[in-house]
Each structure stands twice: as structure tokens, then as C-alpha cells.
Amino acid sequence: MKFTNLSLLALSASLASARFVEQHETDQVILNSNAVTDERYLIETAPGKQQWVTEEEKWELRRNGQNFMDITETPELGTLRTSSVKVKFPSKPTLQKDLKPLLEDLSKSKMHKNLETFTSFHTRYYKSDYGRQSSEWLLEQVQTLIKDAGADKYGAHARHFKHSWGQNSIIATIPGQKNSTVVIGAHQDSINLFLPSILSAPGADDDGSGTVTILEALRVLLTSKDIIKGKGENTIEFHWYSAEEGGLLGSQAIFSEYEKTGRDVKAMLQQDMTGYTQKTLDAGEPESVGVITDFVDPDLTDFIKKIVTEYCTIDFVETRCGYACSDHASASKAGYPSAFVIESDFKYSDDRIHTSGDTLNFLNFDHMLQHARLTLGLVYELAFAKL
């Protein structure tokens, strides 16, 4: 996720509070022997604006608030499509009766429990062994949900999408009547931008909050017999991306493959940072869902606003985050309709991210529940829509 200059103020606190790796942990932090190498990477900071940088220069850009896509391994992303997919979304939500009992089943306590475990890893840095371990733990949770729901008997499954850097992305699939696909995404990795390979990075908000938000939405979605039996019009996928912090690496790899193989993705929603509200409240503003309006599909975004109005108990606020601010940018570049929602107006979002201070105690689980309601409402409505 993004990094603001305000986060630089957390440097001294981060260095003071973040423990260096203890003796018994030293073999686990980094998969690659060199924490920072002289290898150069091709990044894109705006559409068509590219430059070569070292790894340390990547982190310096992030510390200074510059988002980018690292396109070194995916330079072809977006070049194979002749035009963007044009999808006609429903004019309004229509499945309120079916969704009412599902929405009531969403659980703050389950999100809290999952996030407690997820943030207990020293870091989820994508090049670290902890990043690999956290991804394996998360895949196990997803597979257990599918098995416990009996959805595996109807073809639902979850798997790793493998990457070269150690931490793999995760894709959970619930087949529908057609191969046309609706994707819900969050990123699983975390980072401490001051010393990524050493300092702790609990990543509670960025993006542990989004990770457990969509995990909880998946759990409840799987209680729908119509969904697990494949009666939905469209196939549903939940993605947990690796290496978002390194330049949207995991999501680029996935959507590059989807573009190459002609996958028909009708919609993609990214949930990145869903739990922090204190700055909004301190500013005297009402709690709200931040709906990103730049570099997104306007029609999907308009439908998401209707979903918030129908299924959430708080309002939305329109806001902007710039180019490549989260993984929806990878789907968009591949030509797929994508959207992004965040915890607040962007200016009030969490400034503890990318430090050791991004911890569970600063999050509002009632607010995360609103994001889970949005996720569940959207994916259920689109599962049965003729897109």
C-alpha cells in the first residue's frame, strides 16, 4: 500500500520498538543471502513512465511516498489486449433477501483471532522465510474453510500461485455456471521500509486488515448452498497477493498469466487497509468507506457505491490514491475492470504502516466489519449477475 511522508516521523519509534532478530531467528528472516543487492529493476511510476533503479532506490522511493509497479518480470502486462473489457454491471443491488442472513453471520471475533495470528509473524516481507511461513498458514486457513463448508465436493479449491522470491500468492476458486470470473483481492505481505530484512513488520492494517476482511467474507459466502453448488452465473476467486509492497509483483504475475491465457475477468475489487479510523474521527468526520475514483473502472466503482449504500451501515466518501497504489492496478493494466476501497478518505489513512508500529491495537474491528459487508454484498450480487 502507499507510504506517506508522515510515516517518516515514525522512524525513531520504529527503530526503538522493533526488535532485531533474536539468535534463534537469524536463519529464518531472509531466503536470499543478500538483503539488498546491486541488481537493477525496471519500475513504472505513471503510465508509460519507466526507470531503472536498485533495490535500495526502490525503498527510498517508497519512503518518499512514490508508488510504482516493478515491471522487470512482467513488461508484457497490458500489451496483449486489444481493448479493455467493457462490462455492464447491475443497475442496483437486488439480492437483499438472500444476503440478510449471510451479513448477520459475519464475525468480528473471527477476524480478530485470524489477525492476531497473522501479525504474530516477525514480518511478512516477501523475501523472508517468515513471509513464506505466513503464506502457508494463510493457505491452510482458506483450504480449511472450503473443506469445512463441503465446497470441495463441488470443485471449490485453493492453491498457491508460485513466485521466484519465496512467498507465494494464494488463489481460492468457487466455480460458477460460466468461466467468467469475479475477483476479490487483498495483499498478504508486509514490510518495514527502514530495514525490510531485519525490522519487524506486523502489518496489521497494511494489509493484514484486508486479508482477514476478505477471508471472513469468504467464510460466510461458503455457507450459501447455491454458491458452493455452483449455481452462480459467474466463477468467484479470492486472491491474496504476495509482494505488493515490492511493486505489485504478485498481482502482476497473476494478471499477466490471465491476460496471456485469455481469462475472462469481469470485475476485481481490492481491499487494502480496512481497519483504521482514528484520524477520521479526530478530524470530526464521520466514519466512512473510502471509494477510490482514480485509475479504476468507473462503472464498477459506481456499483460499489450502491453496494455500500445498500449493505453497509456507514456511508462512503470518494477519494484518490494515485497510480499503482495497490493491486487493482495490475488488473486494470491487463484490461480488466477493477476497483479499490480503503478505510477512509485517503488523507486520513493510517500513517503507521510500513513500520513496527502497524499493530492490532490501533484497528477498529467494527469498521472492518463494514468492509466485510461490502465485500460479501458485492461478490454475492455479482456471482448471480449476467455480466
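Cβ atoms are placed via backbone N, Cα and C, with glycine included.
Remember, it's a predicted structure, so these values are computed and weren't measured experimentally.
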(request) Out of D206, D294, D297, which one does Swiss-Prot list together with H187, D272 for Zn(2+) 1? (result) D206
(request) Among E245, E257, E310, indicate the single residue that Swiss-Prot lists for the Zn(2+) 2 site containing D206, H354. (result) E245
(request) Whole-number Å only: compute the distance from the Cα of H354 (Zn(2+) 2 binding site) to the Cα of N179 (N-linked glycosylation site). (result) 37
(message) Between the Cα atoms of C325 (disulfide bond) and D272 (Zn(2+) 1 binding site), what distance do you get, rounded to the nearest Å?
(response) 10
(message) I'd like to confirm something. Which of the recorded positions, N179, E245, C321, has a Cα closest to the Cα of H187 (Zn(2+) 1 binding site)?
(response) E245
(message) Distance check, please: Cα of N179 (N-linked glycosylation site) against Cα of E245 (Zn(2+) 2 binding site), rounded to an integer number of angstrom.
(response) 30
(message) Please report the Cα separation of E245 (Zn(2+) 2 binding site) and C321 (disulfide bond) in Å, rounded to an integer.
(response) 15
(request) Determine, to the nearest whole angstrom, how far the Cα atom of D206 (Zn(2+) 1 binding site) is from the Cα atom of C321 (disulfide bond). (result) 15
(request) Could you check what DSSP calls H187 (Zn(2+) 1 binding site) once collapsed to helix, strand or coil? (result) strand
